[in-house]
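This report concerns only the one structure given below.
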Amino acid sequence: MVNEGPNEEERDDTPAPETELQADASVSVHPSVSINPSVSVHPSSSAHPSALAQPSGLARSSGSGPENLSVIKVSRRRWAVVLVFSCYSMCNAFQWIQYSSINNIFMHFYGVSAFAIDWLSMCYMLTYIPLLLPVAWLLEKFGLRTIALTGSALNCLGAWVKLGSLRPHLFPVTVVGQLICSVAQVFILGMPSRIASVWFGANEVSTACSVAVFGNQLGIAIGFLVPPVLVPNVEDRDQLAYHISIMFYIIGGVATLLLILVIIVFKEKPKYPPSRAQSLSYALASPDASYLSSISRLFKNLNFVLLVITYGLNAGAFYALSTLLNRMVIRHYPGEEVNAGRIGLTIVIAGMLGAVLSGIWLDRSKTYKETTLVVYIMTLVGMLVYTFTLSLGHLWIVFITAGTMGFFMTGYLPLGFEFAVELTYPESEGISSGLLNISAQVFGIIFTISQGQIIDNYGTKPGNIFLCLFLALGTALTAFIKADLRRQKANKETPENKLQEEEEESNTSKVPTAVSDDHL
């Protein structure tokens, strides 16, 4: 994660000699083969429609994309970029859950209701909804580096603002700091699939997206584990202020360090496109493209609309569970704040494992629809088992059932991102993933408020059954999504395959000529 010098970056992204020889060799193969081996001068049935629309698009340099679109090559910097993003996403996610994981302690310190503390979590969801489209437009207009710098800077600012709220009467200050962090989240959540597409090859995108989402999940896990350890449940508010200040100073220092790393490491895009699909995306990119027309096309895609709904139901249930977990565990196991945090940690760690494994599986199998459906079914089963074992009086059982549920529930999140990109290619990844996140935030707010009221009035079991009903609905809707994998179709039409097809056509066309000469 060290910034490479210009010379080193140039060497890193310089294509291999074999690539250059192949490109030169393709010039004289046959008149029907273009100078760029991936595009034919004479359109054929094997050509990709987007390639035929602009036959010279991949051969020319574009101001909005890499310098040479005819060369497909991955950059070594890609892993540094995704790891830095994953780290500052982790920092932002920690700040989302740090209040809810010790809900009762902050209620006592600030003298506010449980609902007020819940809103410190829900403000992340509420802020995202109106700001998504403007930020998605900024991502298209100014690119990855600008959005990464803005998100990391806002995350850092919000962390330091919270240090001004270390007195019981300064609850509004902590609200302001949390609101700033919630705005930073809008610049973070929509980036995993975009980073994966721009920086990673066709056989790495799902794994890269899982690593990017991994950071967010790790931040939630740390947010469940660390606050109960750093801030013990004591009655003296002065002692509480001291312990809370330690937590705030640590997160402020980490956020500052990560901002510096983003400035050093983050780059807009690699010199060469990492995949055939990304090369075509650059070739078709137009600065005059209508942003609203892109959104309109997405909402006309029935498969994507179904995915938006099902993703929102699953992620919204996860947000509600994360926000209300402390209240549910304390209700059945009084004084177990630390174990409540550990149960949350178990849910997220298991989900991180599920996310990474599902990403690796997708890169190898490309079975997006089947994997998504199986994971959704197992999420529902895990939620039902957790619901009916929470009140048994044995914490070790809760750890096992919560971990099993988390493996599938949070493991589903990167699946949704990558499935959306497949269904909507070549539309912007930022827009598709942003719409998924809007759905998640809307359902998250609805589920958190509704389940919180059900828990307060009827208990935890009815509240969890409420979520199970919506997860069952999401499972049924997922079964109706068709696996229209558009990005995979684009990646399969490689330049080598196209060149081979054109050579076969040229050999076929020479046969009548030879016969005609002999006859003459």
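Cβ atoms here come from the backbone N, Cα and C positions, even for glycine.
Over in TrEMBL, the protein carries these features:
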{"type": "REGION", "residues": "1-67", "note": "region 'Disordered'"}
{"type": "COMPBIAS", "residues": "1-12", "note": "compositional bias 'Acidic residues'"}
{"type": "COMPBIAS", "residues": "26-56", "note": "compositional bias 'Low complexity'"}
{"type": "TRANSMEM", "residues": "79-99", "note": "transmembrane segment"}
{"type": "DOMAIN", "residues": "81-486", "note": "domain 'Major facilitator superfamily (MFS) profile'"}
{"type": "TRANSMEM", "residues": "119-139", "note": "transmembrane segment"}
{"type": "TRANSMEM", "residues": "146-163", "note": "transmembrane segment"}
{"type": "TRANSMEM", "residues": "169-193", "note": "transmembrane segment"}
{"type": "TRANSMEM", "residues": "205-226", "note": "transmembrane segment"}
{"type": "TRANSMEM", "residues": "246-266", "note": "transmembrane segment"}
{"type": "TRANSMEM", "residues": "302-321", "note": "transmembrane segment"}
{"type": "TRANSMEM", "residues": "341-361", "note": "transmembrane segment"}
{"type": "TRANSMEM", "residues": "373-389", "note": "transmembrane segment"}
{"type": "TRANSMEM", "residues": "395-413", "note": "transmembrane segment"}
{"type": "TRANSMEM", "residues": "434-452", "note": "transmembrane segment"}
{"type": "TRANSMEM", "residues": "464-483", "note": "transmembrane segment"}
{"type": "REGION", "residues": "491-520", "note": "region 'Disordered'"}
{"type": "COMPBIAS", "residues": "491-500", "note": "compositional bias 'Basic and acidic residues'"}
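Residues 121, 125, 347, 376, 379, 383, 409-410, 412-413, 416, 419-420, 423-424, 432, 435-448, 451, 467, 470-471, 473-475, 477-478, 480-482, 484 of the same chain lie 6+ residues outside the transmembrane segment (302-321) yet bring a C-beta within less than 8 angstroms of a C-beta in it.
Ranking 79-99, 146-163, 205-226, 246-266, 434-452 by CB pairs under 8 A with the transmembrane segment (119-139) puts 434-452 at the top. Within the chain carrying the transmembrane segment (146-163), a Cβ under 8 angstroms from the stretch's Cβ atoms is held by residues 85, 88, 91-92, 95, 135, 138-139, 173-174, 176-188, 191, 245, 248-249, 251-252, 254-256, 258-259, 262-263, 266, all 6 or more beyond its ends. Highest Cβ contact count with the transmembrane segment (373-389) among the listed stretches 79-99, 169-193, 434-452, 464-483 falls to 464-483 (criterion: pairs under 8 Å). Among the recorded stretches 79-99, 169-193, 246-266, 395-413, 434-452, the one sharing the largest number of Cβ pairs closer than 8 Å with the transmembrane segment (205-226) is 79-99. Non-local neighbours of the transmembrane segment (246-266) in the same chain are 1-3, 77, 80-81, 84-85, 87-88, 91, 94-95, 98, 144-145, 148-149, 152-153, 155-156, 159-160, 162-163, 166, 226-227, 230-231; each lies 6+ residues outside the stretch with a CB under 8 Å from one of its CB atoms.
Taking Cβ pairs closer than 8 Å, the transmembrane segment (169-193) reaches residues 85, 88-89, 92, 95-96, 99, 110-112, 116, 120, 123-124, 126-128, 131-132, 135-136, 139, 144, 147-148, 150-155, 157-162, 209, 212-213, 216, 414, 417-418, 420-421, 429-430, 432-434, 437 in its own chain, all 6 or more past its ends. For the domain 'Major facilitator superfamily (MFS) profile' (81-486), the model's average pLDDT works out to 86.
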